[in-house]
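S.K.: For B:54-256, B:330-513, the entry in TrEMBL reads domain 'ABC transmembrane type-1'. For B:12-38, B:58-76, B:88-113, B:133-156, B:191-217, B:237-261, B:287-309, B:329-350, B:362-386, B:392-413, B:449-472, B:492-513, the entry in TrEMBL reads transmembrane segment.
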Amino acid sequence: MLTLEGLCIQQDDFTLSADLSIAAGARVAVVGPSGAGKSTFLGAMAGFVPLTKGRITWKGQDLTDAAPAVRPIAMLFQDHNLFPHLTAAQNIGLGLRPDLRLSTAQRGAVDRALEQVGLQGLGPRKPSQLSGGQQSRVAIARVLLQNRPVILLDEPFAALGPALKVEMLDLVAQMAAQQAATLLMVSHDPDDAARLCPQTVLVAEGRAFAPQDTSVLLADPPPALRAYLG
Amino acid sequence: MAHGAVPIKRIDLNAGAGIAAAGFVVVMILAPLVAVALRAESGARFGAGDLAALRFTVVQAGLSALFSIALAVPVARALARRRFWGRGALITLLGAPFILPVIVAILGLLAIFGRGGLLNAGLAALGLPAVQIYGLHGVVLAHVFFNLPLATRIILQGWQAIPAEHFRLAASLGFRPRDVFWRIEAPMLRAYLPGAALIVFAICLSSFAVALTLGGGPRATTLELAIYQAFTLDFDLARAAGLGLVQLCLVGIAALGAATVARADGFGRGMDGRVERFDAGGWMQRIADALTVALATLFVAGPVAMILWRGAWGSAQMSADVWASVLAASGHSLVIALLATALTLTLALGLSMARWRWAEGLGLLGVAVSPLVIGTGLFIMINPFFAPAGLALPVTVAVNALMALPFAVRVIAPAVRRAETDFGVLADQLGLTGVARLRLLILPRSRSALGFAAGLSAALAMGDLGVVVLFADPEWATLPLQIYRLMGAYQMQAASGAGVVLLALSLGLFWIFDQRGRRDVDA
């Protein structure tokens, strides 16, 4: 269980508070108007946004002061998910060892991850030699190898076309299910949320609300969400 | 992230590298300054000759700045409003004097303006009296040669900072060229000229090699030259220290002034904004611009062409002895250049990776102190314990590295910052810390900046004729010092031949490093 306890983030005139828990293995959409703090919410869990108050725990273990890399969390950002100067295989290998001194077994694992995302043989290519969809697959393969119990998606596929985006989200969801990982994804598309995530966290009016049933929330949205969904 | 992710809890080698580099810079700059200050207090007298040196230093720097700026404005304007074949190459050429060894440029200037130069040959053919290059006007001429291109690049940046829309608006309002100048260009110049003038002034204050070769005598001695003479003629360390203290204050104030006023430093690489100029179509203006560009090109390229021409002849006639001494000196200079480059890059990377802005500022300290002052301080510190001549090589390496450091930091720090801005969060997420972060993120992302900075450092160290004159014994020399000695022995042909070797080595080092940095750079 991922628990945010009395969490409060203040940056200039922006505030976000949260007091909620997310069950292990849950799939949760994070929705809300732009600028409400969806990215900040994810960034706080990943350790990139300092907390003004509160605690974050995972299965009772306190993460509040842990460095991003030692948290049980893998995250995909809106952009800059791959190092352009490293090959696809190296980018994936970083998920196993940040200094890239990989053993033979680890190299094999990288090859298998490439295969799993449908990129067999493309390991030596650099990101600039791959299409947008293929670049996303490389990032997903790395998340696969990181094998962390929590996966955060901050709209990493927003730049892809609608069909490709759906394909990538399905791939991540399928992978998360395989690893029994908890998945939180920021979403601007109610269809994605409804299709993939049984639960939804609404971020609006300076608060991240506790997860609710996605179908119930979308069927009768509160005013803040209704204005946003249009 | 909507509200900007602030990285927290960084555990890596950045802070350590920053502290180590900052410590080295502080010790290597401050310790000699303290030594100079202490020594200067113990019984230095400031005589009439020293006052004359102070006055000459300020006057020549002021005149050099004035002429450089006055000539740079029309050149920059012509480059800003014309597009012609070779324009890009010409702007690159304007960057070349920065890495051109001073002694080589002086050989080139002598070949044109010197006793046996083209100018006097022409005057003699017309039956006119010869002109002398030595003295105030020679020093100013050489400084204008070096700083006209720099000032042009700075002012050109100013012109290119004017939005193209302003010129379009001016055209639609029917501005005449004069209106364009007063309404659009003059305000820009008011903002850029003081900074450009102060930069040139500060540079000329601490120029040593030019004064050494073209100045001299009671009427044309700069403070730096006076320091050198206090060493070599009188071995009066207290007086050298006193002069050093005055020089330190002077350059420090000028550098501080330049840093506060300056808008640009003429150091950028890309200079190719495209602006349609509707006001510059008149044929008078076209001819004036063409002439300006042609003269400026001739002024910058002429001396270099002359040294190549004379050097080719000179090297063909050099004796085996001279060749041997030139080759030995070349070896010393290459070692110094490579070691200084390694040190400069290490320090610049360390200072750039530290996340405090003051660390970067520390790297710029080298601009505010002159190499001869640092050299004097080091000499005072070393002299009681070792024979200074024995430490000529490490001292030259260290001082050259410190002098190149400001430029290296200006190039490398933005690249490191960009790497951290773009990929720091990803690197944190993946646990890329310490050496792995350096190897997999910082170095590859700042590769082209590192190559360019390495090229600059190597060329500067290769061509430097500065602190080495205080430490070298007669048996040992760097290539620029060897050339100076050949000139002093009136072996001008051999000096020109060695000058071509030095030119090739300096530009070659710059080219190799810069190319290596650019190769295989990924988007």
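Any Cβ shown, glycine's included, is placed from N, Cα and C.
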S.K.: Count, for each of B:133-156, B:237-261, B:329-350, the Cβ pairs lying under 8 Å from the transmembrane segment (B:58-76), and report the range with the highest count.
M.R.: B:133-156
S.K.: Using a Cβ-Cβ cut-off of under 8 Å, list the residues of the same chain that are 6+ residues beyond the ends of the transmembrane segment (B:133-156) and lie near it.
M.R.: 56, 59-61, 63-65, 67-69, 71-73, 75-76, 79-80, 91, 93-98, 100, 102, 105-106, 109-110, 113-115, 117, 189, 192-193, 195-197, 199-200, 203-204, 207, 210-211, 214-217, 219-220, 222, 262, 264-267, 271, 296, 299-300, 303
S.K.: Under 8 Å for C-beta pairs, could you tell me which stretch among B:12-38, B:88-113, B:329-350, B:362-386, B:492-513 has the largest tally with the transmembrane segment (B:287-309)?
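M.R.: If we count Cβ pairs closer than 8 Å to the transmembrane segment (B:287-309), B:88-113 scores highest.
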S.K.: Need a quick answer: max count of Cβ pairs under 8 Å to the transmembrane segment (B:237-261), which of B:12-38, B:329-350, B:392-413, B:449-472, B:492-513 is it?
M.R.: B:12-38
S.K.: Restricting to CB pairs under 8 Å, which listed stretch, B:12-38, B:88-113, B:191-217, B:329-350, is in contact most with the transmembrane segment (B:492-513)?
M.R.: B:88-113
S.K.: For the transmembrane segment (B:191-217), what are the same-chain contacts with Cβ under 8 Å, counting residues 6+ beyond its ends?
M.R.: 56-58, 60-62, 64-66, 68-69, 72-73, 102-103, 106, 109, 133-136, 138-139, 141-143, 146-147, 150-151, 154-155, 157-158, 223-225, 228, 247, 250-251, 254-255, 257-258, 261-266, 367, 370-372, 465-466, 469, 480, 484, 487
S.K.: Taking contact to mean 3 or more CB pairs closer than 8 A (sequence separation of 6 or more), are the transmembrane segment (B:449-472) and the transmembrane segment (B:362-386) in contact?
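M.R.: Yes, since the transmembrane segment (B:449-472) and the transmembrane segment (B:362-386) share at least 3 Cβ pairs closer than 8 Å, they count as touching.
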S.K.: Under a Cβ pair cut-off of under 8 Å, which of the recorded stretches B:12-38, B:88-113, B:329-350, B:392-413 contacts the transmembrane segment (B:362-386) most often?
M.R.: B:12-38
S.K.: Please report, as numbers and ranges, the same-chain residues at least 6 past the borders of the transmembrane segment (B:12-38) whose CB is under 8 Å from any CB of it.
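M.R.: For the transmembrane segment (B:12-38), the list is 241, 244-245, 248, 346-351, 353-356, 359, 362-363, 365-366, 369, 373-378, 380-381, 398, 402, 405, 433-435, 437-438.
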